[in-house]
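S.K.: Pulled the feature table from TrEMBL, pasting it below:
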TRANSMEM  B:12-30  transmembrane segment
DOMAIN    B:70-261  domain 'ABC transmembrane type-1'
TRANSMEM  B:74-95  transmembrane segment
TRANSMEM  B:104-126  transmembrane segment
TRANSMEM  B:182-204  transmembrane segment
TRANSMEM  B:210-233  transmembrane segment
TRANSMEM  B:245-266  transmembrane segment
Amino acid sequence: MTLAAHPHAVRPLRKRIADASEPYLYSAPALILIIAVMLVPLVLGISYAFRDIQLLNPLSGGFIGLDHFRALSEDQAFFRALRNTLWWTGASVFLQFLFGLILALLLDKPFAGRGLAQALVFLPWAVPSFLAGLNWAWLFNPVIGPLPHWMHALGILDAPNNILSDPHLAMWGPIVANVWWGIPFFAITLLAALQAIPRDLYEAASIDGAGPVQRFLSITLPFLAPTIAITILLRTVWISNFADLIVVMTNGGPADRTQIVASYIFTQAFRRLDFGYASAIALVLLVLLLAYSMLIVLLRQTLLNKG
Amino acid sequence: MRSKPFLTVAHRLAILAYIVVALFPLFWLLKVSVTPNDLLYSEGVRMWPSRATFEHYTFVIAHSAFPTFFKNSLIVAGSTAVAVTILASLAGYALSRFRFRAKYWIVALMLITQMFPLVMLVAPIFKMLSPLGLTNSLTGLIIVYTAFNVPFATFLMQSFFDGIPKDLEEAAMIDGATQFVAFRQIILPLTLPGIAATLGFVFTAAWSELLFALMLISGNDAATFPVGLLTFVSKFSVDFGQMMAAGILALIPACLFFLLIQRYLVQGLTAGAVKG
Amino acid sequence: MASIDIQDIRKSFGAFSVLHGVDLTIRDGEFIVLVGPSGCGKSTLLRMIAGLEDVTSGDIRIDGKRVNDLAPKDRDIAMVFQSYALYPHMSVADNMSYSLKLRRTAKEKIASAVGGAAAKLGLDPLLERRPRALSGGQRQRVAMGRAIVRQPKAFLFDEPLSNLDARLREQMRAEIKKLHGDLHATSIYVTHDQIEAMTLADRIVAMHAGVVQQVGTPLDLYDRPANLFVAGFIGSPGMNFFEGRYLVSGDHADLRLANGVTLPVPRRAGIESGATATLGIRPEHVVLDAHGALEAKVDLIEPTGFGIIMHVSIHDVPMKIFTLDRAMLDPGPAVRVDLPQERLHLFGTQGQRVE
């Protein structure tokens, strides 16, 4: 009843607080979890880069400044991993994008059984990454897999050997597995963007006399461009962080020929239990990826401004 | 549209080629898993063994820890999927329907979590979870996986909510509902495809996760399928039939889930991936 | 049922102001139509009454009780949306009874309320269907039914007929009017269609750019538009305007157009000689007369079936004439017309009506 006495003074304040807090109530559980399990560890992880953290050494934990980074600057294995990362990421993203785009264009045309075909070609995406790695490792294994024999028959290989143990070819193993596994992601995203293009644009272009190639260049590509740009950006970052396939298929070998930075971090942390050094490498990778993303975003901005 | 028969045939052949490439590795997994050991080497590149057997499956199910791995993975992936879907529905709804000051920061935070190498978190998370007794436990894995999957799932759910007209909640609120009741009784039932897509996506992701499972789990009791299979591989790397039988078993739940929800996933990923 | 009292309502989104102080008193049982072009603030005003938009300043009272800070659910109003906003996953019956269920009304009461509303709207055979399985007109009816079952204090309509085709719109318009005749419910109806406004309203509120231009009965607005905006907005085809200078000479007055032509106008007290002014006359009030004072060159003839819209020009100033005379389908190159003095509207420099 006291409320009724001052309806103007009391209720608006309570209502205002209730209204303002509502969106936070909805997002709080997710936020708290993300902060506790991702943001706090991230900050801790950054601090580890400047500390001596070895899991099995109870005397470790001290602050050591830039020692890890000094060690890193002389670590040949790290620089090799960096080069491998470029190669791994570049080849994977390019091939995934190329085959994904073709698949999306193929699926964009209506045909009988499209739903089924779509479900089947997207299936590799559902395959757990470690299993995709094992699966391809087995396919490349001449004992039980057909691929070395086929490649030998086609003259690509001199003998039906496992390319995963050939230092010069080993990287192709995880890349092939990665392309197989990642085509659906690009295809799904691009297909969705394709289907958002208004159909009457194509009809108008046809009436104006544009052929299929002109239609693709003047309508499809410009419409897809924003999606392509953002997907490639996200995918590049993701794939350079993606160590599962390499850890499972080659474990970085032979002779570190397939060691990428992400798998190198994992090796340092998991096999040598040197968390401090692993965090230092991860921090460098994070900075490189951030720089790359900024560059792309800036590039896009300049291009947009020009247009 | 006029259609040229040649183009039509080329189109169908191209689709067929994609399907073959997509399915062949899985087919090979199946083939080796039903090949008896004595035929494994003699019939190495044959498309189907002259004699098929289920002995590898029976062995894996009866004489290995795989049933435990399977159960653990099911618990972890199932709980993670449910937890993520609940959290992401709430957060995605907030992002879709409210204009509030921190929204920009929340989106930025969630985007950042998609950018940095998750390996970086292995050490700190291990250090944080071990005093809580959450290493070597399924609960620990569920918490970690839930956090990892919430950001993307939130964007996914948001794109589904964005597709539902605001009028419906307003009508419900005028009909006498609070915003939360309108969300529960009107909006959520209409987002079922989105919920299915999120459930399926997160289930598959949690079912597949390897690095953190390797790092946080050491014994067989709490091992998930990826960890179990990988230990199995490094220990008995010649029992190909059994490994592949186990692999096929690991594949089944993920693929089933995927086939059920892939249609919705394409719908939701569209908006989510492009906008996010 | 209830009266609604709106005092100096303002609304801004950030620095952008959409309503600049609206005052309006709606009597119990009255049917009010808010009309105006899109972006005039009429929908915002309606949504503020419903509680879907915050009030920036001013008061809204329903039945004497200030509702500014009440949630929509506590205002006891019903609303019919342009999109109908039917719940797609519920049957027609569930759609209609949802509000009563939320209020924990007894089952028998719900059944009788839904039954009554369904009978009134002819929805009986559709009660078990989902909205997806209904035609546009049927959906519209369900949306109305959902509003009726509650017996709320007021009905709000947000362009409810805009998504229907012309024929159905006409039919539903008549049904809404009949329903209001039965229920005598306080209603606020938003539309951009002046025909809907004219046919339905007890009183029309004409709005433009966030300001109320005129409040009055439909015939008030037609006969005595308060300013140029209302004059141009109400009526179809729209009113003809002639801009010029108002000049008094002796006991009569003229409007001198820019091209030097003068049109005789009635003398009005509210305007000074020499001021710029606008003369208005509705197309249906222009008299075709072989002995008329003005010659009009015929530019274009538009037959509507019922009548004929003639586009003509008087000394190069374009004008429209509406006539029922079929001889005018082929009027020749020019006709003679009169602009009857008692049908002329005069608007001053600021566009306000001058008496």
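A Cβ is built for glycine as well, from the same backbone N, Cα and C atoms used for every other residue.
TrEMBL: automatically predicted annotations, no manual curation.
Explain the structural surroundings of these features, please.
M.R.: Within the chain, the transmembrane segment (B:12-30) has long-range Cβ neighbours (under 8 A, six or more residues past its boundaries) at 244, 247-248, 251.
Remote same-chain residues near the transmembrane segment (B:74-95) are listed as 103, 106-107, 138, 141-142, 145-146, 149-150, 153-158, 160-161, 183, 187-188, 191, 195, 198-200, 202-204, 206-207, 224, 253 (criterion: CB distance under 8 Å, separation of at least six residues from the stretch ends).
Sequence-distant contacts of the transmembrane segment (B:104-126) (same chain, at least 6 residues past either end, Cβ-Cβ under 8 Å): 91, 95, 135, 144, 148, 150-152, 154-155, 211-212, 215-216, 276.
Outside the transmembrane segment (B:245-266) by six or more residues, the chain places 26, 29-30, 33, 56-57, 59-61, 64, 66, 70, 73-74, 77, 193-194, 196-197, 199-201, 203-204, 207-208, 225-226, 228-229, 232 with a CB less than 8 A from a CB of the stretch.
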S.K.: Which sequence-distant residues neighbour the transmembrane segment (B:210-233)? Criterion: at least 6 residues beyond either end, Cβ under 8 Å.
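M.R.: Same-chain contacts beyond the ends: 64-66, 68-70, 72-73, 76, 118-119, 122, 125-126, 129, 135-138, 140-141, 144-145, 242-243, 246-247, 250.
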